Amino acid sequence: MPLRLDIKRKLTARSDRVKSVDLHPTEPWMLASLYNGSVCVWNHETQTLVKTFEVCDLPVRAAKFVARKNWVVTGADDMQIRVFNYNTLERVHMFEAHSDYIRCIAVHPTQPFILTSSDDMLIKLWDWDKKWSCSQVFEGHTHYVMQIVINPKDNNQFASASLDRTIKVWQLGSSSPNFTLEGHEKGVNCIDYYSGGDKPYLISGADDRLVKIWDYQNKTCVQTLEGHAQNVSCASFHPELPIIITGSEDGTVRIWHSSTYRLESTLNYGMERVWCVASLRGSNNVALGYDEGSIIVKLGREEPAMSMDANGKIIWAKHSEVQQANLKAMGDAEIKDGERLPLAVKDMGSCEIYPQTIQHNPNGRFVVVCGDGEYIIYTAMALRNKSFGSAQEFAWAHDSSEYAIRESNSIVKIFKNFKEKKSFKPDFGAESIYGGFLLGVRSVNGLAFYDWDNTELIRRIEIQPKHIFWSDSGELVCIATEESFFILKYLSEKVLAVQETHEGVTEDGIEDAFEVLGEIQEIVKTGLWVGDCFIYTSSVNRLNYYVGGEIVTIAHLDRTMYLLGYIPKDNRLYLGDKELNIVSYSLLVSVLEYQTAVMRRDFSMADKVLPTIPKEQRTRVAHFLEKQGFKQQALTVSTDPEHRFELALQLGELKIAYQLAVEAESEQKWKQLAELAISKCQFGLAQECLHHAQDYGGLLLLATASGNANMVNKLAEGAERDGKNNVAFMSYFLQGKVDACLELLIRTGRLPEAAFLARTYLPSQVSRVVKLWRENLSKVNQKAAESLADPTEYENLFPGLKEAFVVEEWVKETHAELWPAKQYPLVTPNEERNVMEEAKGFQPSRSTAQQELDGKPASPTPVIVASHTANKEEKSLLELEVDLDNLELVDIDTTDINLDEDILDD
């Protein structure tokens, strides 16, 4: 089949005329030497200019990377060779190499040598380990030596192209050429070796507009390629693909098949004359140099021609050589996820065509090799030719004995047991075909599915697929497009019913043939089904699987990998890369079987599979169950305490949540469980949870809401002990234990608040608190401390104090016992009461009232003296006036001080 050369431009770098290009073997860099004397390094992944070397003012006709030394070596029209370190941009060395323009540089792949050619008709060998001494001079050409290239299969041999119309092949160590190839009518500009092991070929391009292929063993021209309209300036065998790339001063780059010599493609990017080309082993990138800049294009698919059967036998093609490896041969060797497998490779022979794709049939007995417009079906064991033919595309059916080929853009043929069974023309043409349970045909109008047996249209879908993957059962299918993928269910029973009755058939087929299960916005590169689980590699190099609407990431890949298959008995998934390295990742078949059973709602089967799932994998399964809505089963399966606790909360399983909270000893969990217990009216459990969580605020809310005075009392003591002073204060206050509130404020140094509390609720304690406040404040501000008026000394500043003593005593006697919460509706709210009025007529006991009036305290705390002589009162007033006159009031709020009217008048 024709080469499917997807050609994508990766970089366009506008610049002055480009005389040579090179690609770095490990970095994403392109080197371009310019006619204006500069050398540039471009990053073709980021499309940015990363380095520039100002070499000289004359054209730089040659530049090469020496990656093992971190060098760029340049040759210019000033006859100088310059060596730069491309990391530091420092010039490492410079010397005069020739007596005329330097045309080409070739770097030896293993030795510390470079070869240079020049218009002085000489080729020179330089050894950088010997201080860049000239080790050898090769004489023989009679005109400019335009290019030299080292033989990749024999590093001691190189070839040269000259304007004397000849190609000479040389040996290192010999000053005269081995032989000369003649055939061009004009000067030869370029030359290259074929790197494959099957052909001893050279290619050359000349000013006679021809490209010639030479057999350098027989010293004959085997092919001449015609097509360019001007001088051929560059020609190259691609090191990976079966193609020849030629560039000309006519502005075109032509791509030829290296086996058939058929012209496959012509590129013209409108950048004037083409001067140079560069490619790299292991890469599909090709660099091109033009008059107006340089371009990098990516040719073809990087996906390797590789396939694996269900038993672990892998077949791949390395160029035209077919090789095999068997995973069984590894035995019980330990395999680590993502590591390259040490496989023993066996040569199976060469293929008559260049393989672009290799694919086993479903039962693994046969393998088809496609390429060059042909297909060959071999036996998988011995690679014996079973069948062959011409085709643009090939697809296996679900039935191993059946397959289809796309003969042209309008004809599809179906074969059974290697014999043609049916040929048909799809209504809207055939741009591509897809195998599987149904035959898929893509056209400009969309995708059409046909029955393999009778080619009846099953369903037409307006979609442009890239890949189609069928499950083994034929129930599920994944259709992958350029931007997303769809999971569909094939309703075969409905299709059979319609085929029998022919009812409900439209021009687009059977409407109910498929049911859409989901669309995922992710690009699928390669994929396969295991049960009802779709495993795939994505465009961002993730290895995922999709089941039941959930995407699970198995691994993050460090490079592009291609799925080969899954072997259930190994519980491993196998992938390969473009270098034909095989890696694997663990994926338990029991997990996939369980998820498949759940998706089919076959819980009896799921219960049978569950014991085979290792404990470390059960939490993953539980998350899957949760997402499917089976939270009760997820709670049973999960082994992660965090996950189980969350599920228990969601399901209201108090006992399980309590056990998990006890094991975890987490305050957060106790709080969450307390909320659940309150919502379930389990107040005893809620109290215990809040206690474990040390949530005193929550306990206070619970205690007050339930009217539990004993709980409030214990909470007050506990909160005070643990330093939760706000909760302790509120707990004491709610119980009417104002004296305890006061002592708490004093102990915590909140003396101003204590003074106001005492003035409001415990006037008998005001004097003591003010004294403590004054002592404390004097350490900071003596004047502010002196401004505090003690009620024992300035009784006139505290009107109603005597009555307050009486009210305090009345409150103590009448509110000694707490009222039951059930009497709350009968109690007058505090804001509606006048305690002074209620206490009228109350006579405090003699022992207390008389002591207060006589100035003798009833308790160790000081109280205000009830009466003073007139002289003492007058003296006190005078002293206060003097104090007030001498006091600077700084940040003192006097708005709440009640002064007597006569003092205000004075």
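Each residue, glycine too, has its Cβ placed from N, Cα and C.
Looking up the ranges 191-215, 716-740, 791-815, 866-890 in Swiss-Prot, the one annotated as coiled coil turns out to be 866-890.
Long-range contacts of the repeat 'WD 5' (183-224) within the same chain: residues 143-144, 146-153, 159-167, 169, 230-237, 239, 244, 246, 248, 256, 258, 261, 281, 319-321, 350, each at least 6 residues beyond the stretch ends and with a Cβ under 8 Å from a Cβ of the stretch.
The repeat 'WD 7' (350-388) shares more Cβ pairs under 8 Å with 227-266 than with any other stretch in the list 13-52, 97-136, 140-180, 227-266. Other C-beta atoms found within 10 angstroms of the C-beta of Lys627 (N6-acetyllysine) number 14, with every protein chain shown included.
DSSP places the residues of the repeat 'WD 3' (97-136) in helix, strand and coil in these numbers: 3 helix, 21 strand, 16 coil. Confidence for the repeat 'WD 6' (227-266), expressed as mean pLDDT, is 91. Helix, strand and coil counts from DSSP across the repeat 'WD 9' (746-783) read 31 helix, 0 strand, 7 coil.
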